[in-house]
Amino acid sequence: AVRGPPGPGLSAPCLCRRERVRAMFYHAYEHYLESAFPYDELRPLTCDGQDTWGSFSLTLIDALDTLLILGNVSEFQRVVNVLQEGVDFDIDVNASVFETNIRVVGGLLSAHLLSRKAGVEVEAGWPCSGPLLRMAEEAARKLLPAFQTPTGMPYGTVNLLHGVNPGETPVTCTAGIGTFIVEFATLSHLTGDPVFEDVARKALKALWKNRSDIGLVGNHIDVITAKWVAQDAGIGAGVDSYFEYLVKGAILLQDEELMSMFLEYNKAIKNYTKFDDWYLWVQMYKGTVSMPVFQSLEAYWPGLQSLIGDVDNAMRTFLNYYTVWKQFGGLPEFYNIPQGYTVDKREGYPLRPELIESAMYLYRATRDPTLLELGRDAVESIEKISKVDCGFATIKDLRDHRLDNRMESFFLAETIKYLYLLFDPDNFIHNDGSDFDVVVTPYGECVLDAGGYIFNTEAHPIDPAALHCCRKHKQEQWEVQDLMREFYSRKKSKKFTLKRIPDRGEGENAKDPEDSSSDKAGEKRNSKKSSHSLLSCPSQSFNSKLAVLGQVFLENT
């Protein structure tokens, strides 16, 4: 892979750390290409690959926009060709609706909107059309059957070929219901098809409708009956990105209703779950503490607080979480706050990004050097503990640094990206609006790349300005069709059949000039298919205090 040059404007320590992060990316990325592609993920201890979330070459999709953030336009262009030629969503695979949306749909949408900046020859009508947009739309349509429930809340798993399996569990985690508005609204605005945003909004509002009298939501709910199956309320696993998407959806869409929903939740969260700048798990109807633990997934919260301007509270909570990092050299999945130590069987750290993500947001808001220290510590810890010959391995136990044979795709999509952006203040992602592009489309002028990017929960940046590029054209298109319907109905003619007017340029995309004939990835594509995948949220019977994946807390009954 050809690596982009370092940029100007950095202090020597930041430049040095940024280049270390760049080297970390390529150590992982190149070994994925050599040893794991076309599988979803790299197994770094055995130097081979495995499918985990649906047989999509997931790491390649997840790493695509990171390539551009690192400045590697030639590899971005090559991977775009590889994905167009190799990824197929018409497969008999049971896929997580949540994971497919945030990683696949989100990754493809982000790459589509960044294509022009990456030097890809875009087709007429971009950003309202393009091959990556069509791929994102195809993947999202495969998920729509999951939303066909009496409540509008989706099943957690869908078969990409056959829809929802007849015996599929109706129990879905809260995050698996409320984490669609960023990707689906973007799709609706770019394609002109409102169905995606409509189902995402209906799911969000169903959760809101079913909150408790004290304003909290639980962890898992039955999407058929709307009965809460796991009644523990908190900000962590199984719930987290629901709150995140209320804020980010509000910013992306300038939607006051979504923000007011979050602010009401925020009041209840402060009232019932916050103790000394920690956030505990409580019973959703009573507010009584059920689990006094901190989960590593909760570390996104200070970054989210910074987005609503609550920086002082965000910093205090961040510093609590940072003390845990310094204690172990990483964040254990569960940390018992009163005991000040890990929870049994939850001592691992799969190289999650959340604390680094919060550091990146807070550093943009405060320039506090403590946040750079976290970034430094993260680089040192990950390289010292996790780096192996074929990549970076999940840390199975932070107490003795045993490793597990897995490198999740979010390591390249999120952890590396947020570290790099923390140390690269001049990156285009941080644009303050002083620089922008005016794109001339067949439908008028469109301002893009002016900054204000909204990261989805897999750290795929969405340019909010792009959502306004296609709206005028689509509205005019449907107005014309309405006039035509009225005209033909008056004539009562049977000779005419109205069809959706296609976008200009919806034909075959021109070949990208980058030739993929030499790619390591393109030679291995058709060797296997997986018949099933892991679930994003546990759906097992609830027969213990902690579920198998440690994401559900139950009351004793």
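Positions of Cβ are set from backbone N, Cα and C atoms, glycine also.
Pulled from TrEMBL:
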{"type": "ACT_SITE", "residues": "GLU99", "note": "active site, proton donor"}
{"type": "ACT_SITE", "residues": "ASP240", "note": "active site"}
{"type": "ACT_SITE", "residues": "GLU333", "note": "active site, proton donor"}
{"type": "ACT_SITE", "residues": "GLU354", "note": "active site"}
{"type": "BINDING", "residues": "THR457", "note": "Ca(2+) binding site"}
{"type": "COMPBIAS", "residues": "500-525", "note": "compositional bias 'Basic and acidic residues'"}
{"type": "REGION", "residues": "499-538", "note": "region 'Disordered'"}
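For GLU99 (active site, proton donor), other Cβ atoms within 10 Å of its Cβ number 26. In this structure the C-alpha atoms belonging to GLU99 (active site, proton donor) and GLU333 (active site, proton donor) are separated by 19 Å.
All protein chains shown were included, and the count of other CB atoms within 10 Å of the CB of THR457 (Ca(2+) binding site) stands at 25.
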